[in-house]
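Heads up, the thing below is written out as structure tokens.
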Amino acid sequence: MNSFCFLIAVSCCLVGVFAASDCEEHRQRELNSKVKAKLIPKCDANGDYEALQCFEGSKFCTCWRPDGSHITDPSIAIKTCKCHLHRDRELARSKK
């Protein structure tokens with residue numbers, strides 16, 4: 001009985017470890033999509049969205065928060081999100 005309980009406990013822990021994040025699930029949906037102009041999200045090691053997201057086969061990029069919400073509209077001028085992220089964090093902090 002103790003062995004069975006141990007196996008159940010370990011199985012429950014492993015489900016959480018191997019569960020795909022929202023970003024990873026979103027990425028998989030886009031990879032399977034037949035749409036020509038698409039943005040295939042890039043995820044970091046934690047499963048969060050990377051800040052700079054670019055449309056496949058395009059010069060258009062946009063900045064996203066780790067939760068996948070957009071900070072900027074797509075633009076050909078965006079090459080990095082460092083300033084956009086800093087501004088977004090400061091605005092969020094000032095609203096608290």
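Yeah, the Cβs are placed from backbone N, Cα and C, and that goes for glycine too.
On a predicted model such as this, the values are computed, not experimentally measured, just so you know.
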According to TrEMBL, the disulfide-paired cysteine of Cys61 among Cys54, Cys63: Cys54
Inter-residue C-alpha distance, Cys61 (disulfide bond) and Cys83 (disulfide bond) (nearest angstrom): 14
Disulfide-bonded residues compared (Cys54, Cys61, Cys63, Cys83) - the one with the fewest other Cβ atoms within 10 Å: Cys83
Composition by DSSP (helix, strand, coil) of residues within the domain 'Thyroglobulin type-1' (20-83): 13 helix, 11 strand, 40 coil
